[in-house]
Amino acid sequence: MGAGRRAMGYRVERDVLDEQGLEELARRMDYSDTHLPLNERLKESFRCTVPRLKRTVVGCLPVLYWLPRYSIWDYGMPDLIAGISVGIMHLPQGMAYALLASLPPVFGLYTSFYPALVYFFFGTSRHISIGTFAVLSIMVGSVTERLAPDNDFLIMINGTNSTEVDIASRDSYRVQVAAATSILAGMIQVVLGLVRFGFVGTYLSEPLVRAYTTAAAAHAVLAVVAQLFGVSITRFSGPLSLIVSATVISFYIKLNGIYTIKVVGEIPSGLAAPRLPDTNLFREVIGDAFALAIVGYAISISLGKTFALKHGYKVDSNQELVALGLSNAVGGLFQCYAVCSSMSRSLIQETTGGKTQMAGIASAVIVLVTVLKLGPLFQELPKAVLAAIIFVNLKSMFKQYYDIITLWRSSKVDLMVWFVTWVSTLLLNLDLGLGASIIFAVLTVIFRTQLPRYSVLGHVPGTELYLDMETHREVREVPGITIFHSSATVYFANADLYLEALKEKSGLDISKMIIYKRRQEAKQRRREKRAERRAKRRAKREATSQVRLAETPLMHTNHTNHPGIHLAMHPATLGTVSELQDGDTTTLGSSSEDTLSRDLDKVSLGSLGKWTWDIHSIILDLSTANFIDTVAIKTMKNIFHDFGEIDVTVYMAGCQVHVVEQLELGGFFSETITKGRLFVTVHDAVLHCLGHQGTSTPGLDSKL
């Protein structure tokens with residue numbers, strides 16, 4: 001902890017905060033009352049109190065929160081008008097979308113009634129209309145036709161060798177398939193909601209969802225073209241089914257077919273009793289159920305959040321999963337198929353003045369009255385009319401092709417996601433197309449985190465801000481300090497790239513510099529060994545010379561420059577030169593030559609990068625890191641160690657608390673790398689570096 005400082009032209013009376021300083025501050029400020037031991041916190045979390053029980057019940061049943069506060073005078077009439085408007089839309093849409101699901105039209109009415117009632121009790125959005133939707137109807141239709149194709153229900157016509165489809169048996173089995181898929185999708189959604197997995201919908205980005213619904217609209221068109229023109233064709237499913245459909249249409253379309261007009265048929269009065277479908281179907285539809293669960297939730301939550309943001313209230317993502325799951329599961333028991341919010345009906349509910357979920361009750365009543373009393377009025381309705389209704393409702397989806405122009409201008413990556421989603425959904429069908437789209441979208445995220453933007457930060461005079469020096473002219477470099485910033489988390493996929501970018505931005509090719517240093521250290525050790533050998537030989541010669549002088553004192557006295565001495569010294573000199581033939585010719589053993597060698601070493605080291613004395617500190621800005629894995633921890637340790645080899649000190653700044661905890665668990669800290677190297681902000685780290693070096697930077701810290 002340093003003394004209070006005046007920074008950046010105005011007084012900032014606070015200490016320089018590093019991680020050790022924060023721990024000392026926490027110890028001085030007694031937090032014993034708030035930081036309970038783990039066992040006490042567990043006991044507290046499981047302790048049942050009246051307020052906690054109330055919050056839990058209201059959280060599970062949101063209707064208990066808003067219904068007691070409901071004002072009939074303020075909300076009654078707007079909700080009634082909106083509910084009637086949406087209910088009228090439910091009738092044709094429910095029957096029409098049942099055609100997309102390959103089910104009798106009356107089951108579209110059931111699907112418009114039961115799920116809306118369930119959502120009233122458990123939903124948190126005030127404006128979305130739960131019920132049938134074109135995309136989910138198409139997905140259900142691909143399942144029902146795959147597991148209950150017409151060929152499995154052929155019967156012989158009496159007295160002839162021809163066959164016909166047993167429509168009653170086929171439709172009955174398809175209803176079971178659709179109900180089983182709905183129940184299983186609902187169970188998946190409930191489980192995801194209970195484990196707080198509501199964020200799963202965020203992996204389906206808006207470009208992905210819009211491209212998916214656009215491609216699904218093409219499937220819907222081909223699914224109802226037979227009803228529109230009154231022709232009878234076989235419906236295919238699986239990859240490339242869209243192009244197979246085109247072939248069948250071109251082959252089977254005949255003029256005589258248009259004279260046999262198909263109508264809705266019998267709509268039984270009353271509601272059927274709940275029953276559980278064949279549970280053996282669950283394992284055959286689990287993949288389709290998961291796709292329905294994810295797509296339905298993504299569409300509903302995106303619409304719900306849009307209206308919530310517009311009208312100033314909050315939508316609970318996890319509770320929405322539970323509400324939608326219960327709507328599907330309970331609806332499946334009453335022979336309904338998978339539901340989600342409808343774009344067109346939700347817009348009608350919002351624009352006609354709907355205020356709360358009470359509008360959903362009003363729309364459900366309209367559907368109920370139709371099923372109980374008005375069903376016969378729709379029995380003679382041609383299916384071609386229902387097909388035309390589908391075409392009209394798909395108009396908004398086809399307008400989403402304008403997204404191509406918008407995304408081309410704003411984001412090429414989102415455009416790629418849109419295009420890959422559209423193509424894969426068209427060619428691979430709805431389930432496989434969704435999987436391929438999600439995989440590609442995740443790959444784009446991984447790719448962008450692997451290649452983040454790396455920058456060197458400079459100081460904004462008069463502030464504590466540090467910005468990218470390449471994009472901001474007003475920033476100034478802090479002398480002797482390199483502040484390195486990454487726009488993404490450092491983890492195993494980009495740890496090596498992070499190190500390479502640090503070398504490039506700092507101008508210090510640490511690998512070459514360390515290799516050169518090792519070579520110079522090896523040369524120095526060789527020089528020391530040679531000097532030691534020379535000293536030993538010199539001592540030996542001197543001893544030999546003394547013996548000879550003792551034997552010939554007269555010669556020694558009269559001839560101080562005896563040629564024998566020169567002869568004795570000459571071999572040693574030759575030997576010294578010969579020992580330099582290994583390439584080390586920069587030193588000859590004298591002190592002046594050693595000084596020259598060291599200067600040459602510095603010049604050579606500087607030629608590999610920046611001068612070693614220009615940079616004394618590197619600050620790693622980790623404010624963008626939300627986690628750090630073991631590979632990144634090892635990379636950071638190597639950075640601290642390698643730059644320390646060339647006398648450059650490395651610091652970290654802006655680490656979040658859980659990142660520091662992960663560093664501790666990963667064994668990052670040691671006697672050489674202490675928490676004193678971690679600082680709360682980049683500014684604290686800069687002040688510490690300047691104070692540690694005893695330097696002063698005008699405009700940054702006048703006291704330093």
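Backbone N, Cα and C define each Cβ position, glycine as well.
The model shown is predicted, which means the values in this text are computed figures rather than measured ones.
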Among 240-261, 482-503, TrEMBL marks as transmembrane the stretch 240-261
If we skip the immediate neighbours and take only residues 6+ beyond the ends of the transmembrane segment (177-199), which ones have a Cβ under 8 Å from one of its Cβ atoms? 101, 103, 107, 140, 143-144, 147-148, 276-279, 281-282, 285-286, 288-290, 292-293, 296-297, 301, 316-322, 324-333, 335-339
Going by DSSP assignments with H, G and I as helix and E and B as strand, what are the residue counts for the compositional bias 'Basic residues' (524-540)? 17 helix, 0 strand, 0 coil
